[in-house]
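Here is the structure we will look at, set down as structure tokens.
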Amino acid sequence: MASVDEDFPRGGTTKKPTESKIVVQRTEVDNLFQSNEPTETKKRKGAKDDAKKLKKQKTDSQEDDLTLNASAKTVEILHIKSVKEGMLFLGCVKEVSDFEVTVSLPYGLQGFLSIRNICDSYTKLLSEQLDSVDTEEICSLSHLFYPGMVLRCVVAKLDVSKGGSLSVQLSVNPKVVNKNLSSSSLKTGMVLSGFVDSVEDHGCIVDIGVSGTKAFLPKNAIKAKYSNPEELKVGQCMTCQVAEVKSDGRVVHLSVDPSTITQACAETSQGWNLTNLLPGLLVKATIKKVTKHGLLLDFLSSFGGQVDFLHTEPKKTSSYTDGAQVKACVLYVEPSTRLVGLSLRSYLIQPGATVDIMPVAGDRIGQVVKECKMTAMHHMSGAILELPDKTRAFVHKNHLKETNQTLNENRVMAMPQHTCRILDFSPMDQINFVSLRKSVVEMPFFRYHDLHSGQVVEGTVSVLLESGMTVHISSHIKGLVPRTHLSDILLKNPEKKYVEGMKVKCRVLSVDADSKKLYLTRKKALVESTLPLFLSYADARPGRVSHGYIVCIKDFGCIVRFYNSVKGLVPLSELSAVPIINPTEVFYVGQVLKTKVLHCDPEKEKMVLSFKAVTEGDIKEPAKPQFDFEVGKRVEAKVLKKSVNSLEVAILPDEIHAILPTVHLSDHMSNCPLLWEGLQEGDIISNLVCCNKNKQIISLTKKPTVRWALEEGVVAKDFSDITVGLQLVGWIKNIMSYGVFVEFPHGLVGLAPKSAMTEKFLQDATTAFQLGQTVIAKVTNLDEEKRRFLVMLKMSEVIPPQGDAQTRLVNGLQERKAVAEMLATRDNSDLRQCLAALAVGQKVKLTVDTARDNEATFKSDDLVGATIVAVRHHITGVNLTAGQKVTAVILHVDILSSCVHVSILSKLVGKKKSVTEGSKYTAMVQHVDKDFAVISLAETAQLTVIQTNSHLNEILLSDAEKLKPGTTLAVTVLEPSCEELQGLPLVSWESCTPKRQRTTSENQPGSKGHCFGEILKGKVRAVKPTFIQVTLEGGSTGSVHVSEVVDPTEVCQGFFPTSSLKVGSEVTARVIGGREASSHRFLPFSHPKFRYTISELTLIPSKLNESADFKAVTAKEKLSSYKVGEDLTCFVSKFIPDRKSLEVTTDPSITGTVELLAMITDPKDACHPEKLYKLGQAVKAKVVEVSLKPHRFALSLTGVHTLEKDSSTLGIVTNVQPQTGLQLKLAFGATGTVCVTDLADAYKPNPLQMYSKDQVLRCYLMSNENGKWQCSLRPSRLNPQQSKSAKDPEVLSVGELTPGQIIRGYVKSVGEQGVFIRLSRGITGRAQLQQSTKYFVNNHKVLSEHLPPNTLLTTKIISIDRDEQFVDLSLLPVDTGKSDILPESLGLPLRLVGKEKKHDTEKKKNKRTLANGAEKQAESQIPKKKTKKAKTDDSDSGVEVYFREDEDKEDEPHPAREASGSAGPSRLQVGAGFSWDVGLSSLKPASAVQEEDPSDGEDQDGSTKPQKKSRHELEQEKKAAEKALTQREAQLMDPNLQPQDAAAFERLLLASPNSSLLWLQYMAHHLQATEIEQARAVAERALKTISFREEQEKLNVWVALLNLENMYGTEESLKKVFERAVQFCEPMPVYQQLADIYAKSDKTKEADNLYKTMVKRFRQSKAVWFSYGTFLLQQGQSDAASALLQRALKNLPSKETVDVIAKFAQLEFRYGDAEKGRNMLDKVLTSYPKRTDLWSIFIDLVIKHGSQKDVRALFDRVIHLSVSVKKIKFFFKRYLEYEKKHGTPQSIQAVKEKAMEFVEAKGTQAAV
């Protein structure tokens, strides 16, 4: 199709003028007397030629008579290249979408009419609709335009699409179409096009685009065409005739009578001219000339036009003669050349004729037609073919030949027959456009309609994506082979098997021709399968076998899919002859297997399959379980295994496995974990009851209430046993927002809606009950068909068994006692045995341990190790001192935590008074423990235990309803001394607070409501965009959702369904559900007998048929039916400004969410995305995510639902980080990053400056690494066709780099090893310090100050280590051609290189005195070990020692020694900074004493003869020697002298054995000589020698040793040194130093693990939390730092909260997100506004990291604080200093004025 689009003139491609073209000569202007001036302006070639031209010109003028525009010399059709802006056309509507109308233009051209180019009133209405919801409703484009509608339009713009094709943008705005008409030119009888501007009481105002003229269409005139004048809408197009002109054209009355308009011809008297001539006008014309290719006409007495061969009536060709009179229609007008095209076709001229958008023979697009005859060849246009059925077809000249061939018209015409393919049908020309290209005709697949599921096709591999492989079947048909279908097995590296351009054979899985989606498979088993294909459920007859592939594996079986959407389930029992417990271990997704159909229901689209039956042939009966299972049967079981939520047990005596859920251990939820804790593997549990069996799994329960119900037979064994009103005992199975599901024995489950859970107002259903809680439920509704039922849990509706509360209390206390006894006997603990013996109400003797206001603790000799506590309520009024003896009474014993709660109140400790049965008392709650509470009975000193819930179903929502110490109750004694309560009274109780009476408004309304499926009559009460309110029979109210107004098949994009109804209209509706009266939420359950007070209705005609099968579909079922990637029609319901998301609905009960990035495709729309969509508007969406738990339904309106590699998408900037670049939030929950080298094709300084948070960008997806996309903003990625060549191209690998190459990059960091420069996203180069600048730099910090991160530098590649992926760079000016990175103003010395350095060294040697020479000679006679030379500045020692040799004291080694040194082993290199101690950086060591090569002296002695010296020379030598000795003595006495050998260090250490600095220098001395072991030995000596009192000195040595092991040792050696250091030093500093070492050496994983250990071990230290937070933020882990802050706040004292938050905010400013830090400080200062120290810190941070606007706003906040005048004065002073430094004179004056206002205000207050 690409080739078709290239040449076919329907807005086709604009071809470059590479070939010579025949230019059509046309007269340019209408000149009455045809002046010769244009001819005379041409360059003269000779008088003779001029005379001929003048003569010919004269002749032509005589022939043309007095026409105002000359016709073309040759008649040809209009080509796309001839279309210009401002050209007028007569077009026909071909297709209508939401925001655009496709218009068919003459000659197969096609234009597009945007919704913005209709008329001004409609555009205004659109804008108002975006800004406000309550504005006048508007009609969608589908209401205003319809296919086949003829329009007058003008070319508004010519756009070039991405593919290079020309797109014609049209406008029908009357102000543009009729722009050349004026008020004075309007005449009666003129036929104009206009649009309804507004609808009035007596007619409507029509916009005809004439300035200063009001056009009015009376109501009686409207009825001539429209039966109902109210049907007219603003923006509706109409062709109207001027009936009357008043007030010089200022007022015009119109007519729309079709009989008059269709016959009205333009007359000369109406004043038409070439300037205001309009398409669509009927004119009477005279044939001036008949040509082979068309006609030349004269019309309106003075105008000339042409009729091409496509627009002459085929049946009247013979009647066209010169001078004949014809009726023509203006087809197009080209204003610049005055060319007018006319048509003589009957469907445009005859009254009542219409334009057919489809041919009479039907849609034949794509059909290949043979035996066609060419009847005519038209030069410059094309040819006419006659098809076998005698219909005509047109071949454009570009389709007479292949793309790269030249056209030979005679050869083509001479061929007797032709074979063509029909490309398209042109409604304006009423002819098929065809192609004779052989490549087009022989296409096996021209349209997606030509492909069918199951068909085997061949294609070419196009591209490999993460989701699969794209295969091109033809040039314009492509399909996707999903990743799981690339082979029979899942390929890990598909690129090894498939390459671009490879021919492959595939089979079609499914094809959607409308949306142009094609899915293929490459699975060999499917492609080569000879078994029957299941293309529909009708093909899958029971017993048939076919190949299918597994798409999903569940616990209950496998789901197998075939072709199209045919799929079925293979149950667990049918997977294999061998029992399979876990199918995922045997099968895998994508596996192809033979399957046999067991059962298929085509209507329900359900199918049951079998793998086992394929091999066995028969289906065997499942084996019966070994255990004779019976619900209600009492059993004993042994605990096999404990898990968090259940116990795995074996039913005795047969050892049958079963499950006992933890929540089924007791009716009391607080007892369940206690019993679980007390039970151990091997324990025997009795009194268990079988309650359910599911999937061969037996479930047991120990709940006493459930056991009672089973034994009494108060159960339903099957759904058939359930009746309305039946009361059952069950437990909470699941909790949802709309209610709870209650499970009963035998596996029955009922739903208790939110409204049926309690009589109280319940805001959140998830907080009412606990999972597993025992409840009593009453059945209220049944759904026999779906086997579902509703239950009621309201306390007023259910009746508990007699004595239920007392029985549950006794059972609960006995369970707790049993746990205590189990724990006491199991552990053999004396304490637990003593605790188990204690009882509530027992008095004990205690000793006060501590006494505080809020509580007191005690100790007892009998309870050693227990925590005995009395809270404030139980020590009120008692003065306690430590050591005091008291008598206390036991309130509660917690045996697990060994905690005893007591009371020493006199009213409880006093002598007990007896109580009698039936007596009533006022009791007070003394202690509450979850399900139980201890109360005291008035003044009797009697204690007893009650349950906190008197009813199983009781819900306590507020704290006021819950029992707490001090609450008073009214109790009645049932039994004075209950044995089960260990002698305590058994009582019943109720709250003393009176129960609130329900008001009338809270009761259910008296209306009976309506049933599901009931058909009702009603009247529309109100029409809203998303729903319609209807008043039903009987006065009740109903609601019609926007999706239930019109049949879904009639809904198109942009349609507004609710606009089709008006207030007061009579409607027939059917009840499909109900809504809650308070929230209007759609109820989730439907039943034939369930009645709704607010009915949900439908108006869809197909659902109003009583005979139709009308079933209710729940929201869960509806939501489950949606699949990811599915196309849906949704309706806009709400725009959420805070999240900039859109809520859409597909159903009354289903609401989906569309996030911002799934809503827009243009970043410009991100500011106001709400303007793109209207409430109630129908939109096409794709399903992105469907989830029931948690409920989530996400959609996309952009046409895609997943992100794919090598595609572009939109992203939102979430963070701008200098270290990493941009952090992006992408669509569908994804995230991405953009490296600074991927921001542009040409690097710029400060690359991140132009980006800000929440900015919307278009980015290119390159790769997905660890769930995060790597993105690019380079134009070469986003628009590869349009972008220029990149100045700084991407470097994808080191292999693309070459030594000597000049390349630019951004500074990543500056360290001791050099400048690290980011060359691309994955490649970083390094320029060593000596290769970075021509100046001598002894500290890298000088470079780091002048090279902040992301500084743009030009570098030269020196060398590349491709194995290690290292790139060495140079920044020297001699290499890059740029200026030095350091400015000359620093005054740094130049680095000496080459001959200069050698010359400088020789000068230093010559300055040495004779004494030095003598000393050297004397020393050389002593035999000594040779040592390695100290390296110069150009070579590193391998270790950073924080000091360097002074340059003027260095000795240059002899070249011979350099050569020998280079031939030896290489020096030790260090990959990271090595610092012994911070204090060491201040050292200023002396120059190193260098050895000279003895051979130098020998050579000199041998070559130089002794000479006799004069007396003067001898005296000079003597003085020089004395001077040298003096200098040497001074050097030895200098304390700052750096020792040069081991002996010197040993001498100094004797004087200062406790100096860690000296020991570290000694270690560095050995390391410079690569003597690692000697350095270790020195460190060990130092640790033994330094006094134990010198803790800091020892710590310095330990840190140095840790550094040494980190760089030169192993992990084991480092670990051993660290463990020793922790033993001998304070642990926390050692931990901190090691963490810093890890961080500096880029061992982030080890550092992170160490920090995690530190925050556990030193959780009370703020410094540790701060250090860890700094580390995380430096690594870019902002989210982890936020989580760490929360942990720190929990572990640190509350008084430190403010300082901790403030510190973390400062860290965010420095290393993380400044905006986040700002918010943190803002919140703290909002709560603590008087913390002026924090305000000062905040100001400093904003000045450093924020803008001037932010700084001034902060100062304005600070100076208005309610603090002391002194502090405000300080802030005013800072404000003024800031403005003096950064502001203007105006801003400085403004601060002074604010200060004066403050002083005056304070003075006024003081005066008052």
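Backbone N, Cα and C atoms are what each Cβ position is placed from, and that goes for glycine too.
TrEMBL annotations: computationally assigned, not manually curated.
Taken from TrEMBL, the feature region 'Disordered' covers 1-63 (among others).
Feature annotation from TrEMBL assigns compositional bias 'Basic and acidic residues' to 47-61 (among others).
The annotation domain 'S1 motif' is assigned in TrEMBL to 86-173 (among others).
If you look up TrEMBL, you'll see 189-257 (among others) marked as domain 'S1 motif'.
What TrEMBL lists as domain 'S1 motif' is 280-345 (among others).
Taken residue by residue, the domain 'S1 motif' (454-523) breaks down under DSSP into 6 helix, 34 strand, 30 coil. TrEMBL lists 454-523 (among others) with the feature domain 'S1 motif'.
What TrEMBL lists as domain 'S1 motif' is 543-612 (among others). Averaged across the domain 'S1 motif' (543-612), the predicted model reaches a pLDDT of 90.
For the domain 'S1 motif' (725-794), the number of residues in each DSSP class (helix H, G, I; strand E, B; coil) is 9 helix, 35 strand, 26 coil. Here TrEMBL flags 725-794 (among others) as domain 'S1 motif'.
What TrEMBL lists as domain 'S1 motif' is 1013-1088 (among others).
What TrEMBL lists as domain 'S1 motif' is 1125-1198 (among others).
Per TrEMBL, the feature domain 'S1 motif' maps to 1300-1372 (among others).
Taken from TrEMBL, the feature compositional bias 'Basic and acidic residues' applies to 1393-1403 (among others).
What TrEMBL records for 1393-1470 (among others) is region 'Disordered'.
The compositional bias 'Basic and acidic residues' annotation in TrEMBL covers 1442-1457 (among others).
Here TrEMBL flags 1485-1521 (among others) as region 'Disordered'.
Residues or ranges marked as compositional bias 'Acidic residues' in TrEMBL: 1490-1501.
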Recorded stretch, among 86-173, 543-612, 725-794, maximising Cβ pairs under 8 Å relative to the domain 'S1 motif' (454-523): 543-612
The domain 'S1 motif' (86-173) versus listed stretches 189-257, 280-345, 1125-1198: most Cβ pairs under 8 Å: 189-257
The domain 'S1 motif' (189-257) - residue tally per DSSP class, helix then strand then coil: 10 helix, 35 strand, 24 coil
Secondary structure composition of the repeat 'TPR' (1662-1695) [DSSP: H/G/I, E/B, coil]: 29 helix, 0 strand, 5 coil
Touch test for the domain 'S1 motif' (1013-1088) and the domain 'S1 motif' (280-345), at least 3 Cβ pairs under 8 Å: no
Helix, strand and coil totals (DSSP H, G, I; E, B; other) for the domain 'S1 motif' (1013-1088): 10 helix, 31 strand, 35 coil
